[in-house]
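Taken straight from Swiss-Prot:
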type     : residues : note
ACT_SITE : 228      : active site
ACT_SITE : 416      : active site
ACT_SITE : 473      : active site
DISULFID : 138-378  : disulfide bond
DISULFID : 306-321  : disulfide bond
DISULFID : 344-349  : disulfide bond
CARBOHYD : 37       : N-linked glycosylation site
CARBOHYD : 86       : N-linked glycosylation site
CARBOHYD : 122      : N-linked glycosylation site
CARBOHYD : 301      : N-linked glycosylation site
CARBOHYD : 432      : N-linked glycosylation site
CARBOHYD : 444      : N-linked glycosylation site
SIGNAL   : 1-22     : signal peptide
């Protein structure tokens, strides 16, 4: 794969040889070199066919090999750095606090976590939002530049204001995590995380340091958001924050809610929806559907074993269950499984190369304080290190949160196959919590944007589900205005079964 290419989410798809590679990575430090070799040609061809093998495996920096940046936070002016022709169009960057920084993780040998922070274009009392991109191992800069960040990237690599950036209604943080993702790095491979305990503890430590650095935001409402594999990260972090607050471990974090977009949260239920969704969208035949039902029985059984015991059986669960997805994709040549309306043209279904080129420019790296570190958009080593986490059910962490009044929004674009709305709606419906019966009997109502139907909404108490029309896996990219209205209404407690006609800009 060429240096400019990468793939955004790398969910679900690999062969048995790819699974066995996880053991070699974790037991062989030589794997943490600038390239990753696979013993099986078939595995490599499969992975490349789905754009799952980034060129750069992970940012593991040998000790003493470069003058790695120390823990810093600095104010940045992206528009000036990019030499943007239209820098004068829109608000002045100087009006807001735009920051980039590193956080030295305390429970690691040498890990540094990179982040961006953008103060609200509206007012500093707006909620604080953290965004987590999935993968696992994909940089949150993907969302920042192509979905809901303050800026978009032009063809000439200049930047321009995003009219529907989430910083219009929130003070927003984008974190490169787990360690080894994006500009985050370590000099010791043992810092690479392999489960949600490690990931959520690192993020909790980061948030403690963030609020210590920015005390004026401590009392603001706080929301956790993200998409795709962040369907694992988000419940784990919400649970960790809630637990830390209860135990008075540090600075109280004013957690009000968490939102999962087209996420992977309960694999056992969601894999069962693949065949039904594919049939509904005419991707497969009735006979294909019947065959997939049998495959799902095996998937369901082994996923239950994974949830009970973890370990190697979870590797096997990924192999067994992803065969369902692979069989569907094989039926439609060139299918973009993140948006089934579109063709996956060329080597990538989406071209996000502008971001990699921009962030690897010398003047940009200098402005961000990242030294000579090469930007890694999606890390195959981080992805592989989390392999035994994939089939774990993170829904189990949610009932105690919503029962305590912490709001949950699950939203999904209707044309995404890989984390489809049907599978997400099923685990939400089946979740055992105090309001399950009330949610089950709640009516669906239209979600309106500018007076037009933009989705279908269901709500009861702290739980909301939203099916977003005319969107795929990345809702803020496909429906930027609707996603901004969704966020604002939800944070204000207005994303309810009573239609909301508009939002304030």
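Yeah, the Cβs are placed from backbone N, Cα and C, and that goes for glycine too.
Known features from Swiss-Prot, placed on the structure.
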{"residue": "122", "record": "N-linked glycosylation site", "Cβ neighbours (10 Å)": "16"}
{"residue": "138", "record": "disulfide bond", "Cβ neighbours (10 Å)": "30"}
{"residue": "228", "record": "active site", "Cβ neighbours (10 Å)": "29"}
{"residue": "301", "record": "N-linked glycosylation site", "Cβ neighbours (10 Å)": "12"}
{"residue": "321", "record": "disulfide bond", "Cβ neighbours (10 Å)": "27"}
{"residue": "344", "record": "disulfide bond", "Cβ neighbours (10 Å)": "20"}
{"residue": "349", "record": "disulfide bond", "Cβ neighbours (10 Å)": "21"}
{"residue": "378", "record": "disulfide bond", "Cβ neighbours (10 Å)": "30"}
{"residue": "432", "record": "N-linked glycosylation site", "Cβ neighbours (10 Å)": "9"}
{"residue": "444", "record": "N-linked glycosylation site", "Cβ neighbours (10 Å)": "13"}
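For residue 378 (disulfide bond), the nearest of the active-site residues 228, 416, 473 in terms of C-alpha separation is 228. Reported as a whole number, the C-alpha separation between residue 306 (disulfide bond) and residue 432 (N-linked glycosylation site) equals 20 Å. Cα distances from residue 122 (N-linked glycosylation site) to the recorded positions 301, 432, 444, 473 are smallest for 473. Restricting the recorded positions 138, 301, 321, 344, 473 to those with a CA within 10 Å of the CA of residue 416 (active site) leaves 473, listed by sequence position. In the three-state DSSP scheme, residue 138 (disulfide bond) is classed as strand. Here the Cβ of residue 306 (disulfide bond) has 26 other Cβ atoms within 10 Å, regardless of which shown protein chain they belong to.
DSSP classifies residue 344 (disulfide bond) as coil under the three-state reduction. The local packing around residue 416 (active site), expressed as other Cβ atoms within 10 Å of its Cβ over all shown chains, amounts to 28. Checking the recorded positions (301, 321, 349, 432, 444, 473) against residue 228 (active site) with a 10 Å Cα-Cα cut-off leaves 473.
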